[in-house]
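Below: one structure, written as structure tokens.
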Amino acid sequence: MANKNEIAPSETSVRISIPYLANVIVSLPLIGMVTSFIASVLFTKEQIFESECGSRNFIPSFSSVIGVSPGKYIWRMAIAFHCFPRFLIASLYHNQFKTSLSKVKCDSRLKYFILKQLISLNTFFELCEVFGLILLSYISSKENYSLHEKAFILFMLSSTFRMITCLILFRHLLYKLWLNNDIDDKNKKFRFQTSYQWKMRLFCSAFIFSLLLIFAYVRHTSKCSNNIGQPSTAWSYFSACEYIICCLIMGYHATVCWDFNHFELTIYNKTTAKLNYAFMKSEGEIENEQKDIHSSR
């Protein structure tokens, strides 16, 4: 039996707000991109303003910026701290969509099956996006251009499909729950509505600039193959689209703050938590015994 005068063991815990964590996750690539760009312009200006076919660009490509020192080390450090929490965010979205699917009444089994598969695909595309980002960050275009190019394509495709599947799931799960008034919290409804609207705007903008990026890349490649790369500015437009798309994708990820506003990451000592539970249980038993003694008298 535990004595009432005994001190309960302390339960050490760390609580991190998900919106706060999301702000840190999004800001790291943004800070890394700006810092590496400034550092590369200051220290390696001659190396980053030229394309593969010798044309002089007025905007350096992002691949060139993160491919030379010191820019590549700044960017890699930012990505190293950025990518690990992304797996946590992917898990949160996966669980949220699965919970919403169990609450939504689907018209047919086929629709239920499609939504269930889309949840798995959304998580898969998110993981591919993170993997592609790591690959293109740590294998620069100057070290292995072919592999860096494939990693960039993987990142762009997985990011695009991830945004599409996320929007579909938002529309048919979370947004549907909001429309059917299954979410009682008015603030939560407003957050989901705002999040969906901004996701749609950012995706449409990113998709338009992705098409412009592809057009600029094809134009630059054709000019290079025809040995008329010197007067071409296509690579500069490609580079500008790169930076804009990166900022739009970061903005898309920042909507996590609305999706998990009241969520927090908790780290606690499992052993002391069990001891505290046993201690409080013992105190309760003592109080019950004392009440039984008083009642018997």
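The backbone N, Cα and C atoms fix where each Cβ goes, glycine too.
According to TrEMBL, the feature domain 'CWH43-like N-terminal' maps to 20-262. Residues or ranges marked as transmembrane segment by TrEMBL: 20-43, 73-93, 114-139, 198-218.
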Residues from the same chain, set at least six apart from the ends of the transmembrane segment (20-43), whose C-beta lies under 8 A from its own: 60, 62, 64-66, 68, 70-72, 74-75, 77-79, 81-82, 85-86, 88-89, 243, 246-247, 250-251, 253-254, 256-257, 260, 265
Chain residues outside the transmembrane segment (114-139) and at least six past its termini with a C-beta under 8 angstroms from it: 63, 66, 75-76, 79, 83, 86-87, 89-90, 93-94, 97-98, 101, 106, 147-148, 151-152, 154-156, 158-159, 161-162, 165-166, 168-169, 172-173
